[in-house]
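Trainee: Below is the structure I would like to discuss, written out as structure tokens.
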């Protein structure tokens, strides 16, 4: 395949054109007065969004060199979204600003490598300053404020996320689903829940809810299929004498064993329910072990030399209450020791650090949440499907932002934290003039998020930035109301992690682009038209008339 090459300033200008076009589309969504962007879909209604990364992902240019620039900035937005969950527009605006200022310096004859070194030094200083300014985000009010800002000033979303976090804890799993009504709803599942229901409907003892409810039951955990009742006789006799109910969690219960359990349950000899173990393969073994630790039981597995025939009441777990429906089993208040549960959580966390698969990490996080006690489901309500998609994306953004805030703390929002962090650059000096220029490029660039927020709100950016820079601490400009004041008191907060990741990712890609000296792309293919004259040979088919 033939290639096209561009060098030096020509290459950088082409990249800059792509970056500018992408940033122009993304930056209109920034801040409380940001505008919507409508995205065409190949099927169905168009999507309306105010989410920077959604806009960035849709953009692709026909011009290959422009597209390369745009794709690199798209990577900034995606990486910031993946690691911090928010701050995609901030990252895009910062990357464009660093690149524009840097390109002017390179065009004036400065050394791109020294500019990059200066920018890197400045980013390090600003990051340290941001972390020093950061305050821990502990109370529900602060969590709600972070969620509200990230959800484009929708207080209902901020409040429901704060409520969910309060109920399931910082480690709990919060999932977002489509609702059926117009209002957002929150459902909280206390205790450990897994997606397996009763094997037979004959175990139901609450006809009203179509569920099986067991009070203070024993729990038998078996890592194999159970088909013979003989294996379980000693355990069943012990349970019958105790007068307590029994929940059996096994790979499967079938045939004679299932029939006998159903008959005993219906006659009232042993109150019992059987469910299949959650998960598959190694994950099933791990989840059975989780349940064992949560309920102070023992998994009956031939791998560790324990047989079902030799099982005793000491091997069984216990819980305060268990509810089994057609699709789910919920274990409430397992009797496991807190120290053992915490050790298990720490062990799973260590696995999360090591895994490279996002899917595995998500499943491990779910196991942590189930052990820590709680899963919350936010059902998003909306009038139309278009609104539902847009609102659901905002709830997910806000959820990521609040998690980031809990992790690394919060700083004043609205671009104020970056303006305050400029102080860290006052005493910073590079090894030469070109590095000093790199530091100054970043000094100007970190004003750009506030400038864009103010511009989108219809105010004069330079006036606002200068006024905010004259003051100290959390003093800033509320673009939603047009008022100046303490940003923290007004509830305008940003997670430190989001601001930090946006700056680091933007500077990383922008300085890479500044040091680009050559670009290589495929030449566009020339479309070869099919000659219509070739069809002339078909005329010979006229002789087929004789076939009639």
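Note that the numbers count up from 1, one per residue, in the order the chain is shown.
Cβ coordinates come from backbone N, Cα and C, glycine included.
Dumping what Swiss-Prot says about this protein:
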type	residues	note
BINDING	29-32, 50, 86-90, 414, 478-480, 494	ATP binding site
Trainee: Looking only at Cβ atoms, how many others are within 10 Å of the one on residue 414 (ATP binding site)?
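Mentor: Excluding its own Cβ, the number within 10 Å is 27.
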Trainee: Fewest neighbouring Cβ atoms within 10 Å: which of the binding-site residues 31, 87?
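Mentor: Candidates: the binding-site residues 31, 87. Fewest Cβ atoms within 10 Å: 31.
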Trainee: Counting every protein chain present, what is the number of Cβ atoms, excluding its own, within 10 Å of the Cβ of residue 494 (ATP binding site)?
Mentor: 30
Trainee: Go through 29, 89, the listed binding-site residues, and name the one with the sparsest Cβ surroundings, counting other Cβ atoms within 10 Å.
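Mentor: Among the binding-site residues 29, 89, the sparsest Cβ neighbourhood within 10 Å belongs to 29.
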Trainee: Sort out the sequence-distant neighbours of residue 50 (ATP binding site) for me: same chain, 6+ apart, CB within less than 8 Å of its CB, listed by position.
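Mentor: When sequence neighbours closer than 6 are ignored, residue 50 (ATP binding site) has 29, 34, 35, 36, 37, 152, 390, 394 within Cβ distance under 8 Å.
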